[in-house]
Amino acid sequence: MNKNLLTACIKLEQRKTVRFRVNVSGIVQGVGFRPFIYSLAKKYFLQGFVLNNTLGVKIEVEGEREKIKSFLSEIKTSAPPLAVIQRIKYEKLAPLGYAAFEIRKSRKEKEELVPISPDISICHDCLRELLDPEDRRFAYPFINCINCGPRFTIIQDIPYDRSRTTMKVFRMCPDCQVEYEDPSNRRFHAQPNACPVCGPQVMLLDAEGRKARVADPIKEVADRLKRGCVVAVKGLGGFHLACDATSPKAVATLRKRKYREDKPFALMALDVEMIRKFCQVNQDEKNLLFSSRRPIVLLRKKEETPSLAAEEIAPQSKFLGFMLPYTPLHHLLLKEINLPLVMTSGNMSDEPIVYGNEEALPKLGGIADYFLIHNRDIQMRCDDSVLRVFQGKEFPLRRSRGYAPQPIKVKVFFNEPILAVGGQLKNTFCLARGDQVIISHHIGDLENLSALISFEEGIKHFLKLFHTHPKILACDLHPNYLSTKFAEDYVKRLGRGASLIRVQHHHAHIASLMADRGIEGKVIGVSLDGAGMGDDGRIWGGEFLVADYLSFTRLGHLKEVPLPGAEEAIKKPWRMALSHLKGAFGEDGLELALKHLKKVNPDKILMVDKLIKKRINSPLTSSVGRLFDAVSSLIGIRNEINYEGQAAMELEMACDDKEKKSYPFNILKEGEKFMVDPGPTIRSVVADLGKGERGDAIAARFHNSLALIILQSCRLIRERTGLNRVALSGGVFQNMYLLQRVFPLLESANFQVYTHNQVPPNDGGISLGQAAVAHYGRKIKKEQKIKCA
């Protein structure tokens with residue numbers, strides 16, 4: 001063929017009209033994806049349409065082949081910043097002769113799990129407009145656009161359209177409607193779009209619910225806060241209780257009214273410069289503070305914190321939890337007051353965060369002097385996330401606002417949908433389907449009735465929102481966990497074809513870390529926490545496992561001691577001090593307890609000693625968390641707690657960072673297995689007390705000893721198994737002093753060491769582990785059935 005003719009034919013083929021159907025899944029609703037596709041299609045002179053559906057985003061595009069090729073390439077490389085593309089499917093079709101490109105109304109397709117964007121902090125463009133006196137949204141506390149604002153907390157159903165959010169009651173004014181329909185505007189199809197003319201409004205109420213007649217409610221609130229008042233402020237996922245963080249009296253008032261004796265309060269500051277007056281902030285921490293998720297970040301407190309009521313805010317702590325403003329309302333309030341504020345969850349201690357106007361007054365009326373509320377309803381409550389930075393990476397302690405319900409990236413593929421219901425404390429649940437694992441927002445402690453109701457409401461909402469009907473449930477082994485009871489009842493209601501898989505607590509911890517970090521195969525699992533039922537029915541908590549997703553072997557554990565009074569021993573660490581003293585010294589332990597537990601009534605010590613001797617309500621436990629309690633009480637830090645983990649946290653805070661010494665311990669070998677005896681450690685602690693050694697030195701030596709226990713135990717398991725990967729999980733590994741010491745020890749011994757990055761090491765992460773274990777259990781059973789057939 002003539003060369004020129006061939007070239008002409010190629011060019012003609014390139015200009016030939018073709019049509020493609022494109023399905024994009026991931027976080028592609030509510031993040032400006034349709035406007036992006038519209039603009040991209042216009043750029044390449046393509047025709048067709050784009051719409052939201054229950055699969056994600058559907059595109060049909062028609063035009064010249066080369067232009068469509070460029071269009072498809074740019075979808076991947078230039079998507080909006082909040083979009084998370086997980087999968088793109090193409091299908092070539094016969095051209096239909098579309099006349100133009102348009103955004104069509106959403107449609108419902110077959111049921112599919114479609115990720116939903118979490119709530120996003122105010123973007124730079126909206127913040128600029130918020131503070132611009134010439135802008136029509138100047139000082140409007142609900143300004144938002146396609147790149148920021150509420151998402152998860154206002155969505156009622158998918159596809160994500162205004163009519164399926166709590167914004168449906170606000171009809172857009174002509175100006176907002178023009179923006180909403182203008183493809184070149186960043187509010188094009190921004191579902192929460194509003195302005196002072198047509199959108200939500202704030203109002204100020206007193207403690208009796210009477211509306212205050214003031215020109216500027218936010219300015220008035222700033223004035224009241226400066227005068228020492230406590231104000232309930234409605235935010236994205238619920239109410240905060242706010243007070244002036246520079247006023248010891250105001251903080252003390254809030255503590256007293258909230259019945260929160262010692263647990264640290266969170267803080268909010270206008271900018272990082274203000275935070276740096278009180279805390280050390282490195283670049284990684286600064287980046288996390290400024291991220292679109294805007295979590296509470298735990299930061300090292302400076303030695304001197306002038307003008308901040310630091311001791312009242314976080315008693316006995318070397319850290320403060322700061323966040324930056326993440327809503328326009330927060331920015332306006334912080335700019336007006338120009339002081340750091342306590343911004344703690346709006347609830348009575350241990351209850352879920354209050355999120356409805358109608359419940360705020362009766363529940364918070366005894367705490368708050370005033371209420372700054374608004375009339376945009378919150379569909380789903382969502383507490384603030386809490387993170388810290390470890391080795392330059394995010395290390396979550398509570399994964400909630402800004403993160404939930406964004407899917408966790410895992411390598412496991414779930415052939416059947418699974419609902420994993422988590423544990424009893426720090427509860428989260430998760431839905432797993434295909435390559436998506438969606439972990440809920442923070443629910444809390446299910447022992448509280450309100451939290452249990454919130455847990456059940458949350459599951460109902462997630463099943464509706466993500467169009468998932470799981471027949472496989474995963475739960476903890478403990479029969480008395482309320483999450484377990486829920487799962488049992490749920491499976492009974494489903495009837496035939498439903499199954500419940502019970503997952504051992506510490507196995508779930510290790511599996512959650514493996515899924516978090518994409519680890520496959522067997523690992524040395526070090527799972528240390530306060531309590532979890534073992535497969536022998538005992539209370540575990542100091543476990544050295546060999547584990548994969550399918551199974552685990554308990555190769556080592558902390559030597560068991562009685563837990564005198566069971567639940568009472570958790571609330572009263574002095575009981576564990578007595579128990580460990582008796583474990584280390586035998587009957588002489590009683591005399592030592594009477595000598596060193598000076599603030600405890602001797603009669604009570606004698607009574608608990610009888611419980612231990614007679615084995616009355618004193619189950620055995622291998623818990624490392626309870627060992628922390630024992631040492632904390634022994635050195636005079638904490639005999640009774642008023643929040644979970646308090647004794648251990650205060651023991652960590654007491655550590656002298658420069659202390660290098662450690663205490664001895666024994667590892668008792670029993671065939672292929674071993675037991676760690678902390679008796680020598682306890683005896684050394686008592687010896688140091690007798691010498692008048694400083695408490696901060698003893699606390700550090702204890703931590704250093706535990707790091708060495710972990711190292712030696714892992715070496716022992718490596719010798720027997722050849723495994724070299726160590727997974728550290730469980731609530732004890734929230735302890736930064738311990739992590740910062742055990743990591744270099746293990747790495748210098750040539751171990752590959754892993755800890756959490758996407759989900760917490762505490763019980764807030766175990767639902768992920770339960771789902772992974774359940775999946776592999778089902779998979780093996782199915783394969784066995786096929787082989788038998």
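Cβ from N, Cα, C; glycine included.
The feature domain 'Acylphosphatase-like' is assigned by TrEMBL to 19-105. According to TrEMBL, the active site annotation covers Arg34, Asn52. As annotated by TrEMBL, domain 'YrdC-like' applies to 215-402.
DSSP gives Asn52 (active site) a strand state.
Broken down with DSSP, the domain 'Acylphosphatase-like' (19-105) shows 24 helix, 38 strand, 25 coil. A 10 Å cutoff on Cβ-Cβ distances gives Arg34 (active site) a total of 26 other Cβ atoms nearby, all chains included. As a whole-number mean, the pLDDT of the domain 'Acylphosphatase-like' (19-105) in this prediction is 89. Remark: Asn52 (active site) has Gln29, Arg34, Lys58, Ser106, Arg107, Ile158, Pro159, Tyr160, Asp161 as non-local neighbours, by Cβ distance under 8 Å and separation of at least 6 in sequence.
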